[in-house]
Amino acid sequence: MQNSTLIDSFGRQVTYVRLSVTDRCDFRCIYCMAEDMTFLPRKDVLSLEEFALLGRAFAELGVTKIRVSGGEPLIRKDVIQLFESLGAINSINDLCLTSNGSKLTELAKPLVDAGVHRINVSLDTLNEQRFKELTRFGDLNTVLKGIDAALNAGFKKIKLNSVVMKNYNLQEAADLATYALERGMDISFIEEMPLGEIHSHSRDVEFISSDELRNQLSNSFELTATNEHTGGPSRYWKARDYNAKIGFISPHSHNFCDTCNRVRVTASGRLLLCLGNEHSVDLRAILRAHPGEIEPIKEALINAMAIKPEKHEFNLEEEPQILRFMNMTGG
């Protein structure tokens, strides 16, 4: 595997980029965005061609993993064309998608055909009423049918992501894990990240650490720590009698900054060097000043490594320092 040209001032190589191709979503999950969310003007969102060019630029600089996220990426018109463009880049050996699952019934097979290797599906509850409460607009049965379609479509791997909140869905953690493991899917439980101002709940009240959750799950599963990583921040535990694993993403209790290998591009073309900092570079301005040219983009990406911070500064007890919502950042 080629070494990345993208090396920050702390010696970390960036080999993974997350592209948020839209800030729009057909859900309004309470931890992700406001119910009356104002979205970007469409002219401010990068075109699919601009995202494809960014993918090529990152690949030429040694990135080997691209994850497409949103908002909900699959509601973007003609997004399959972007996956086809990214899937055609030989040096990208891991093309992934994060989705809420609402469009997978019709798009799972086209995604596999376009070259997508792995997908993560967000699923925080198996209770229909609670699903409506958490997502505001979502339909649980549609998502479950989408997951079934994905399981039959031929992806190399399907993983579930669950954000756990103490008074919303903590009591379902074991059921969610069982649902995933019995179907051969890994599941990652995520500590809620303090991005954007929300009014539906208090993050510090709802917080449960990964260690607390793992101890609770140990009542239902015999868990053994593994050294397995998939290029992301999950720490995985093997559940006895299952081939799949349970992971924990712990930005508060066990941050993953020292091994950070990723950057993000927002729907509006901001290169975010850190999930929990506002350090960024305006790639849209460069893309539109030099349409179709890859070298100015590569130069900007290399130069941006100098401002990638050592770590994030998440603090549940303070007002959020990052005012952009998760749908703007790329979940």
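Each Cβ is built from the backbone N, Cα and C atoms, and glycine gets one as well.
What you are looking at is a predicted structure, and each value in this text was computed from that prediction instead of being measured.
Taken from Swiss-Prot, the feature domain 'Radical SAM core' covers 9-233.
Contacts of Lys159 (GTP binding site) defined by a Cβ separation under 8 A and a same-chain sequence distance of 6+ are given as Arg118, Ile119, Asn120, Val121, Ala180, Met185, Asp186, Ile187, Ser188, Gly247, in order along the sequence. Annotation note: Lys159 (GTP binding site) sits in a strand segment as assigned by DSSP. As annotated by Swiss-Prot, GTP binding site applies to Arg18, Arg67, Thr98, Lys159, Arg262, Val263, Arg264.
According to Swiss-Prot, the feature [4Fe-4S] cluster 1 binding site maps to Cys25, Cys29, Cys32, an assignment based on sequence analysis. According to DSSP, Cys25 ([4Fe-4S] cluster 1 binding site) sits in a coil region rather than a helix or strand.
Secondary structure at Tyr31 (S-adenosyl-L-methionine binding site), as computed by DSSP, is coil. For Tyr31 (S-adenosyl-L-methionine binding site), other Cβ atoms within 10 Å of its Cβ number 23. The S-adenosyl-L-methionine binding site feature in Swiss-Prot is assigned to Tyr31, Gly71, Ser122, Met193; the stated evidence is sequence analysis.
When Cβ atoms from all protein chains are considered, those within 10 Å of Cys274 ([4Fe-4S] cluster 2 binding site) total 22, not counting its own. Summarising the annotation, Swiss-Prot assigns [4Fe-4S] cluster 2 binding site to Cys257, Cys260, Cys274.
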- Task: Find the shortest Cα-Cα separation between Cys25 ([4Fe-4S] cluster 1 binding site) and the binding-site residues Arg18, Ser122, Cys257, and name the residue that gives it.
- Result: Ser122
- Message: Rounded to a whole angstrom, what is the C-alpha distance between Cys29 ([4Fe-4S] cluster 1 binding site) and Ser122 (S-adenosyl-L-methionine binding site)?
- Response: 10
- Task: Note the mean pLDDT of the domain 'Radical SAM core' (9-233), expressed as a whole number.
- Result: 93
- According to DSSP, which of helix, strand or coil covers Cys257 ([4Fe-4S] cluster 2 binding site)? helix
- Taking Cα atoms as reference points, which of the binding-site residues Tyr31, Ser122, Val263 is nearest to Cys257 ([4Fe-4S] cluster 2 binding site)? Val263
- Message: When you rank Cys32, Arg67, Gly71, Thr98, Ser122 by Cα distance to Cys260 ([4Fe-4S] cluster 2 binding site), which of the binding-site residues ends up on top as the closest?
- Response: Arg67
- Item | Arg67, Thr98, Ser122, Arg262, Val263 screened against Cys32 ([4Fe-4S] cluster 1 binding site), Cα within 10 Å - retained binding-site residues | none
